[in-house]
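Structure record follows, encoded as structure tokens.
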């Protein structure tokens, strides 16, 4: 019976250590965590928390030249978070839309103007 108790305690200790190693702050550490139709964003303020945000829809605000970034964040509680494929402030537009340089909004692409930003520019 003493061996059984020791095994249980060891199992619980392993679970606690495993859970502590998987700590994550916010919704995401990569856009892949957010699923289709969303991306991982981090705000502009110090100690912002990563969150999943919907991709820009027609007429939504967007940021021209906002490529995905890899960031290493440190928080006052000692937690460090590595973000990959994440965006500052807002997600890019949906794939069928483009961020207009003139209006900074998601619009349908138009071949006749140079005012559109192709979202696929930063994709592999």
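Note that Cβ sites are derived from N, Cα and C of the backbone, with glycine treated the same way.
Per Swiss-Prot, these features apply:
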- 28-40: disulfide bond (DISULFID)
- 34-52: disulfide bond (DISULFID)
- 39-91: disulfide bond (DISULFID)
- 62-99: disulfide bond (DISULFID)
- 93-106: disulfide bond (DISULFID)
- 1-21: signal peptide (SIGNAL)
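When the disulfide-bonded residues 62, 93, 99, 106 are screened for a C-alpha within 10 angstroms of the C-alpha of residue 52 (disulfide bond), no residue qualifies. When secondary structure is read from DSSP and collapsed to three states, residue 62 (disulfide bond) falls in the coil class. The C-beta environment of residue 106 (disulfide bond), restricted to residues of the same chain at least 6 apart in sequence and closer than 8 Å, consists of 56, 57, 58, 59, 60, 61, 62, 93, 94, 97, 98, 99, 100. Comparing the Cα of residue 91 (disulfide bond) with the Cα of every entry in 28, 34, 40, these being the disulfide-bonded residues, the smallest distance points to 40. The CA atom of residue 39 (disulfide bond) is located 9 Å away from the CA atom of residue 28 (disulfide bond). Of all Cβ atoms in the protein chains displayed, 24 besides its own lie within 10 Å of the Cβ of residue 39 (disulfide bond). Taking the C-alpha positions, the distance from residue 34 (disulfide bond) to residue 40 (disulfide bond) comes to 7 Å. Close to residue 28 (disulfide bond) in the fold, though at least 6 residues off in sequence, lie 34, 40, 50, 51, 52, 83, 86, each with a CB less than 8 Å from its CB. Summary: among the disulfide-bonded residues (34, 40, 52, 62, 99), the fewest other C-beta atoms within 10 A of the C-beta are counted at 52.
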